[in-house]
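What Swiss-Prot records for ASP47, ASP115 is Mg(2+) binding site, and it gives sequence analysis as the kind of evidence. According to Swiss-Prot, the site 'Interaction with target DNA' annotation covers TYR85.
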Amino acid sequence: MQTSIDPVFAGWDGSVAQARQLQQQLAQRVALRDEVSAAPALLAGFDVGFEDEGQTTRAAAVLLDAQTLLPLETHVARVPTSMPYVPGLLSFRELPALLRALALLSRTPDLVFIDGQGIAHPRRFGIAAHFGVVTGLPSIGVAKQRLAGTFIEPGGERGDHSPILLAGAQIGWALRSKPRCNPLIVSPGHRVSMQGALDWTLRTLRAYRLPEPTRLADRLASRRGEIELQTQPTLL
């Protein structure tokens, strides 16, 4: 699909202070309502890794059949790393590579899962929210660790969950996706409701801690082996 990274940081002077200000402004554009088809055809998962001692950002994209959760396409995009890691500003470091990976997909996904925060973020604008606002695609953030808010530890069974609260408002879910594993931090990014983010993540879980879209993207981004593609994709 076609996309452009040119307008992503238009007007940003490169400073941390202005990046945080832009997050606060762009967070006003986030839509926390379900705008995903009841029967989507395609899902996508995205994750980022680094090469050359951090000098190159490596973004992985996996397109999946929404019904079978089998992978249809995998792509990797590489761009020079333009910013050091700053907590809470992950999208300013990784978004250009993610958008480059999105552009490699032959078809547009109906829903995107990103390894990172949605609105479960100090300024309610993590990388999944930023990605969604920039692309217009429904998005969900699935993170391995909490960045903001507090929660009561969910029960120990698969599917147990509890709300994550920040200043009295819910910003996400702590989800026990697999027994004896730490909970995932799940939150809507854009064009998905709070409940929708939880429901879609549960629908895409299999035998692993991570939902299939980000599990496969994580495997590709970290170069932990090849991904076998579905040889006869479902007719769309």
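Quick reminder: no glycine exception, Cβ is built from N, Cα and C everywhere.
Most buried of the binding-site residues ASP47, ASP115, judged by other Cβ atoms within 10 Å, is ASP47. DSSP gives ASP47 (Mg(2+) binding site) a strand state. With a 10 A radius on its CB, TYR85 (site 'Interaction with target DNA') counts 11 other CB atoms from all the protein chains. When secondary structure is read from DSSP and collapsed to three states, ASP115 (Mg(2+) binding site) falls in the strand class. ASP115 (Mg(2+) binding site) sits 16 Å from TYR85 (site 'Interaction with target DNA'), taking the C-alpha atoms as the reference points. A coil conformation is recorded for TYR85 (site 'Interaction with target DNA') in the three-state DSSP classification, outside any helix or strand.
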